[in-house]
């Protein structure tokens, strides 16, 4: 259907057109709405004698979502003046990914190392890689923030946060 | 000389350490195990509800009287009508640093939602208390006794009477279903957020009756807004302190006496994950026995007019098996099982 | 003047210096709790509840309610600075508060928010002091149908105000409703939209979505524009407070409206979150600057904050007199009362005079103390924006992750937050509005369950929504709000000459 060749327009700055993103997002909405309608039908989506069943509202909510997203989807296909502008410039995307990828790695690491150690690593990496700070400035921040958090949550408020092998070795 | 002093200090520290280690083994044989880190106290319900209150009360009593050597932290895992909390405990096999407090959803949630867990997936520790349920109506209504109300239901149409309660397909609705089975008429059950809301809805005449716990209804009762008709227990509550006009909790008849043969009590019990040792269970049994001795706990039981039956071990297990059977039976008859 | 004498007695209870100390400790803890997203007022109070066992009930409730005031104040701080609402009722504060911070007016925005909070609380506590006996039973008139009408009014006064495509507004809003439906259905106890997954059992908590959509989304957007938070030039001296105060009096009508909406919703009890949204919606609709809302209007910060704090304060009335908590935090406070052996209910005002009036007196003092504490921190917080992005951004992300985790103690929620962050970024770029999504997510299940409770009660008869004066008025007001753009157009047409075109309202 809409086949966009990357780089067809403004040279190597081009990533993906706004129109394609519009189509992708509205298709996502449509997919979610179909899923919701399907599950709502399963648990009963009609109006029983004593009011709506459990799936009644989700079903019609999803129906409205389906219809409104379908309008967005179709209007982006049939429009005479498609929005071919760039959704995000390549350099911008690179910047966004420079935050997003380390954050994703950080989130995954929490599961293995616990939140304190992974926070320290994350902050250190971020400051060193993006901020180009010297090590003697990176270390204090990277150590102090998790330490303060630890004091506040584990000791003061008694709120357990995810912990890893290091904390376990220290008896927490 | 300096060397000598340092050595003697070191020696002293070593001795003290050994004494400390040794002493934890000394008192009692059942006390061999003690927690070595923070114990998580799971509440399979949201903050502010009855189970949460009791858990935080226990936490406070234990902390204040130093009944445990390690801190106890309360964690709410209320997702899926408590299923989240129970599954967490079920999946923490052999972890002695986790305990959970139960409410009726121990039995009802797996039946109503089909989420796979049961009390047998966990290690029962102790029954702390049982929550009583009282049948309430608005004080301005004509129903003076449970029999009046039951007769009115029988004489009326299906769905004419509205019963308010907390949660869906949980304790309140089960009692309502039992009431339907006795009277042979359908009641309209309306689930609200919490017990306080239900009581206020009854005072405001938006519903006809409720099965609130004593503590949820007592203030409106004393203010002359609500009237208790009967208690869903085999015998009247033992609390004789006067509440209003010479009446006390003990003057409320049982529903059976009033011709309504329904009994329901809600378990407030403590469980541990599966696969823990007997010593570990014994440790917590001991802690909760000590809790029961404290004045704070006694006051709390008194205020809430709880049934203070305490059970552990096999006695508790056979009680649980029976309760599970009763729930299954009631919920099957009421059509509450997961589709 | 009975109330006045009782109040003086209440202040006498406070003369114990330890109570004043507890109050300040409570306020400072509360601000801290409010600042940290996830560790909300309810959690904070619940966590500290057992610590107060060794105090007298009066001291304990003073400290815990001070935490509550502190959290109400503190919720605004992260909303303004980083677009991360620390509490559900501060979401509406982000709409104009954060743009102000981006324009370098963080100090002004914070001062406006704090002052608004103070005014709201003050009006509410005056109402509490002098009108309590008269209005205490007002909440009893609210059955399910009336509650639904309140939520309907919140939606109607809020929607239909964007410049975005109406189809996108609808899609976003319906997505919010769908997300709210995930988990257990409170009316039938059935599982909805969980697809057999344990992780989905707890549903999508509003805070996790908001931390992702607003907080992480904002960081990604900021990143796109280069490595800096805008608004670095925020001034950092106390003069900003006085300068802001000079500008505030002209918004007296907004403050009054916000306070009244807040008191009403607090007493009902509908809660602080609907109050803040409704007040923002009303202010936008009726203010002369309405069209500029969302771009950094002081009034847009003032309106939701007065309402939220008025609601948070007046919610204590139904809690004390009827035992119905107006918010999760109030529910925990209520549990505290029961543990200390105080029975909330109609007799509390009679039997526990010292306690009740001590508490009310502490609301006066607590809010004054709170205002002083938070105003002195304005320069401090405004200065946070001067920290370079590559230091503060990872710290914010860490705090967001902790916040997402603490809501349900679930690791999965941190990943969910990140996904919401990416969604927030993409939605913003495609101009899908986030506000209707969030409103639907926070009010969706409350609105649905009250609707279905009403339907159960009337056995499926819709006339319950207009069969008494109260609910009828609320529904009628909702309709007026919903069709206000049309009505306004009609009024204009009536006043002037008929305009050429009369469509394009949504």
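Each residue, glycine too, has its Cβ placed from N, Cα and C.
TrEMBL lists A:20-38 (among others) with the feature transmembrane segment. Listed by sequence, the residues of this chain that lie at least six past the ends of the transmembrane segment (A:20-38) yet keep a Cβ under 8 A from its Cβ atoms are 2, 4, 45, 58-59, 61-63, 65-66, 68-70, 72-73, 76-77, 83, 87.
The domain 'DUF1468' feature in TrEMBL is assigned to A:24-162. Note: the domain 'DUF1468' (A:24-162) comprises 105 helix, 5 strand, 29 coil (DSSP; helix = H, G, I, strand = E, B).
Below 8 angstroms of C-beta separation, residues 1-2, 19, 22-23, 26-27, 29-30, 32-37, 39-41, 45 of the same chain, each at least six residues beyond the ends of the transmembrane segment (A:58-78), sit close to that stretch. What TrEMBL records for A:58-78 (among others) is transmembrane segment.
Annotation source TrEMBL lists transmembrane segment at A:99-129 (among others). With a threshold of 8 Å between CB atoms, the same-chain residues lying at least 6 positions outside the transmembrane segment (A:99-129) that come near it are 135, 137-139, 141-143, 145-147, 149-150, 161-167.
Listed by sequence, the residues of this chain that lie at least six past the ends of the transmembrane segment (A:135-159) yet keep a Cβ under 8 A from its Cβ atoms are 115-117, 119-121, 123-124, 127-128, 172. The annotation transmembrane segment is assigned in TrEMBL to A:135-159 (among others).
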Q | Overall pLDDT of the domain 'DUF1468' (A:24-162), taken as the mean | A | 91
